[in-house]
Amino acid sequence: MLAMQSYCEASASISEAWLEGGISPCFYFTLVPTVLLTLSFFFGTFQCVFYHRYGTEMEPKFVPRSHLYRLQLAVSLLVLLQFLGGLVWRAAGGGGGGELPGYVILYGCLSMLGWAWAVALLRLERKRVLVRDRTRGHSTVLLLFWAVAFSAENLAFVSWVSPYWWWGLENTQQQVEFFLWLVRYFGTGTLFFLGLKAPGLPRRPYMLLINEDERDIEGGTGQPLLGDTPDSQSTWQDFGKKVRMLLPYMWPRGNVLLQGLVLLCLCLLGLERVINVFVPIYYKNIVNELTDGSSWKTLATTVCVYVLLKFLQGGGSGASGFISNMRTFLWIRVQQYTNRVVQVRLFGHLHSLSLRWHLGRRTGDVLRSIDRGTSSINSLLSYIVFSIFPTIADIVISIIYFVTYFNAWFGLIVFVCMFLYLTLTIIITEWRTKYRRDMNTQDNNAKSKAVDSLLNFETVKYYNAENYEVNRFEDAILKYQVSEWKTQASLAFLNQTQNIIIGAGLLAGSLLCAYFVQDGKFKVGDFVLFGTYIIQLYTPLNWFGTYYRMIQNSFIDMESMFKLFTEEKEVKDEVNAGNLLFKRGKVEFENVYFNYTDGKEILKDVSFTVQPGQTLALVGQSGSGKSTILRLLFRFYDIQGGCIRIDGQDISKVKQVSLRAHIGVVPQDTVLFNDNIRNNIRYGRVTASDQEVEEAAIAADIHEKIQAFPEGYDSQVGERGLKLSGGEKQRVAIARTILKAPQIILLDEATSALDTQTERNIQASLAKVCSNRTTIVVAHRHEELLAKGGLYSDMWMRQQQAQDSDSASDTETKDMASEKLQPPSAIVGHRSH
């Protein structure tokens, strides 16, 4: 058994941090367990008291059963046991005899206490919870404990060449210590990354789980209380999935020129890192040459090299130097490529979604999500490639440089400051996430109210509701500003925290360097070198917090866009779907069932056949499903039962594009694009010439009206066609359909918005268009259908004859006559051309 004769080895001292090319083991193994025990015991004790006083026992049904949690617990116990095993092995003489330093005993004891308390905290957080806490994840104490432990194990690499560490593996003691270090390294690393995921805790805040559980019991529903994205959910959740979605936009596939630009920009980025190292060195050389009285030639050469490096680097941080500006210039084309590809793909995806999805969405929300999402992708790529990676590289290089050129104390100061800076930045920024998300939600809400109000300008005027709309918009702005204030205030708090850490690190390093200069160990130029380098380092370090916030904000802004990308297509073409082979235009509905929502059936066992060239009239009360039949034929929705055929082909088995190419629609509510009249008509066939457009307008009886406009066919119709009357918009829609010249025509009350004279003029045009074409008409015009003859008239006359035969008095006969003006519900009529 070995006895402790001194605290450190004979050649070392507790105050000496650097020893023969590495960190002093006595210094290291005293500092690390002390810091860890402070984190786990003192701060952990406060957390335990707080949880026991204000927390509650978590219901077992909300505690997830996770194999990763068991791994988390097992690794914690393994790390704890290796400290005990290492201490017993050294105490039993496993080190090959000799003196047992006191720091080894202290390291083992303090480490076991610290890790035992960390295991207790881990189990506590799985059992008890603060109900009012809307965050999800481990406490700051545990996350900071694991982060410090993992970072401390990484410091061993700094002592790669030191004979006091185990890297040489020259004897049994070094081999055993190396093995124990491997256990600690992979153990602490595993715990740190598992801690970010928190597998042993519920995936959503406990308060939401309780509220949703109570609501499910009362209402029997399982909809999320706050939607799919809780305010407190970490921005980095599903980080891998988000990055995979971004990968196609990071590398311009198929474009060799853009790929070359990307590689060139990365080379310039590496050159900037090299220049950042040499700028402080040449500044130091200038100061030393001035104080040492060097020759003018030597001094002038050094100054010229320094100025050249500053010209290439820019204003101290590389933000405006020649290389940075060249990289920014070359990156423009890559950025434009990314922006274009994202917008085009998203726009195409939105058009592939169903009508049901578009009717259930607010246009303002969708547009804001697209705008923020596309701009955020460009920002995110720039921040990651040109800000985060370079900053991390600068930090690593600076630590190595300070440790090798100065001593370990300077590297330790830089490391501690950076670690505290980054850790607190991440923690506070994650805390701010809910404010940013809420601000985005309120922003969408305010913009949506504004868009809806302006689109319904006429309706607002009809009901004299200007003040109501203004007050409603003001209320939305006030809610947005409350969230904005929280976001900005928390940002100010974060900036102040970062400023304090940077100031403390600069003060400590400057005082230490000044001491060594006064003691004669350093020259004046070394102090200048330290000051220049540390300020140059802190500049990107300061921006690192901003970059993290911007990346987080970009992810938040992209969340809505990612959700748009993940929206499933409701109406899809089958894998082997072919084109519709149009023959004559026979339309068949066979036992069709359809409902928009569960429990509300619109069509039930509907069957009818429209022969080629025949007209079918649909008559019924509003909401009886007349327009729905047209939408189903156009395949805006898929039916729940039955079959719809055109020329014997199931429309669900053919491509939607080929189906809709043969169908023309004049809708009940015509919506025009905010463009000129010519382009709105040409939308029926975008390849049509101006002459064909005018011929379609003549057929629709709107040509003379258009010619009377000041700008003729170039007249703008306004948002949704508001500059035109209802009849003019309807005639533009008819002209558009005439230009398309489809084989099947669907008229959804096509003349409902027209005056009598215009309607008479257009009936002949519609008759020509529908001639020898299968036509389905939705109308409420009872008398006109009676005048047409056909099935509708026959059914009506039979109904009236049956009622007349039961008539018993003149009074009843008069009442019957008045009833003849009212059409029956859900009757269809056929007429051949």
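Just so you know, glycine gets a Cβ as well, placed from its N, Cα and C.
Small disclaimer: the values here were computed from a predicted structure and weren't measured.
Listed features, source TrEMBL:
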type     : residues : note
COMPBIAS : 799-810  : compositional bias 'Low complexity'
DOMAIN   : 263-553  : domain 'ABC transmembrane type-1'
DOMAIN   : 587-824  : domain 'ABC transporter'
REGION   : 799-833  : region 'Disordered'
TRANSMEM : 27-50    : transmembrane segment
TRANSMEM : 71-92    : transmembrane segment
TRANSMEM : 104-122  : transmembrane segment
TRANSMEM : 143-166  : transmembrane segment
TRANSMEM : 178-196  : transmembrane segment
TRANSMEM : 256-279  : transmembrane segment
TRANSMEM : 299-323  : transmembrane segment
TRANSMEM : 380-403  : transmembrane segment
TRANSMEM : 409-429  : transmembrane segment
TRANSMEM : 500-518  : transmembrane segment
TRANSMEM : 524-544  : transmembrane segment
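Of the ranges 71-92, 104-122, 299-323, 409-429, 500-518, the one with the most Cβ pairs under 8 Å to the transmembrane segment (143-166) is 409-429.
Under 8 Å from some Cβ of the transmembrane segment (409-429) lie the Cβ atoms of residues 17-18, 140, 143-144, 147-148, 151, 155, 158, 395, 398-400, 402-403, 490, 493-494, 497-498, 501-502, 504-505, 508-509, 512-513, 530, 534, 537, 541, 544-545, 548-549, 552, all in the same chain and six or more residues away from its ends.
Counted as Cβ pairs under 8 Å, contacts with the transmembrane segment (500-518) are highest for 524-544 among 256-279, 380-403, 524-544. For the transmembrane segment (104-122), the neighbouring stretch richest in Cβ pairs under 8 Å, chosen from 27-50, 256-279, 380-403, is 27-50. With a cut-off of 8 Å on Cβ pairs spaced 6 or more residues apart, the transmembrane segment (71-92) and the transmembrane segment (178-196) reach 3 or more such pairs and are scored as touching.
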